[in-house]
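K.L.:
Annotations for this protein, taken from Swiss-Prot, read as follows:
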SIGNAL    1-20  signal peptide
BINDING   69, 72, 73, 115  heme c binding site
DISULFID  116-124  disulfide bond
């Protein structure tokens, strides 16, 4: 099956840095890809490009304000972010930079539910989640 080949290649590309957080992130990409493919057989593999677009896209929040993931996490998810409401510092999202990201798979799902509902007004789709995490896996260097 083409999807398994694509996922296998994706896994090999990232296996050189197989830390627990990266491994969990890869597992989540695989999980969400399978769910997305089950719902839509045309969805074959995560798109890093779509993940980056999603990360930077501004949405009108349920409160009427515009926000994007990058609003708090900066344009580069390898950077330290800052909550736009509280001003609190946010550790980098990129699992290759922040080894604590994606260590708790249940927490990841809770955070997706919370943030997707806060920003989009609905849960993110499995394909959006797969694309998003695939993009985060590519960000390895904070900008200065």
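Yeah, the Cβs are placed from backbone N, Cα and C, and that goes for glycine too.
A quick note: this is a predicted structure, and the numbers were derived from the prediction, not measured.
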K.L.:
Which of the binding-site residues listed here (69, 72, 73) have a Cα atom within 10 Å of the Cα of residue 124 (disulfide bond)?
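P.N.:
For residue 124 (disulfide bond), the binding-site residues whose Cα atoms are within 10 Å come to none.
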K.L.:
Cβ-Cβ under 8 Å from residue 73 (heme c binding site), same chain, 6 or more residues apart: which ones?
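P.N.:
Listed in sequence order: 55, 79, 81, 90, 92, 93.
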K.L.:
Have a look at the recorded positions (69, 115, 116, 124) and report the one with the fewest Cβ neighbours inside 10 Å.
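P.N.:
The recorded positions 69, 115, 116, 124 were compared, and 115 has the fewest Cβ atoms within 10 Å.
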K.L.:
Going by DSSP, is residue 115 (heme c binding site) sitting in a helix, a strand, or coil?
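P.N.:
Going by the DSSP assignment, residue 115 (heme c binding site) falls within a helical segment, counted as helix.
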K.L.:
Within 8 Å of the Cβ centroid of the heme c site residues 69, 72, 73, 115, which other residues of the same chain have their Cβ?
P.N.:
55, 68, 70, 71, 81, 90, 93, 119
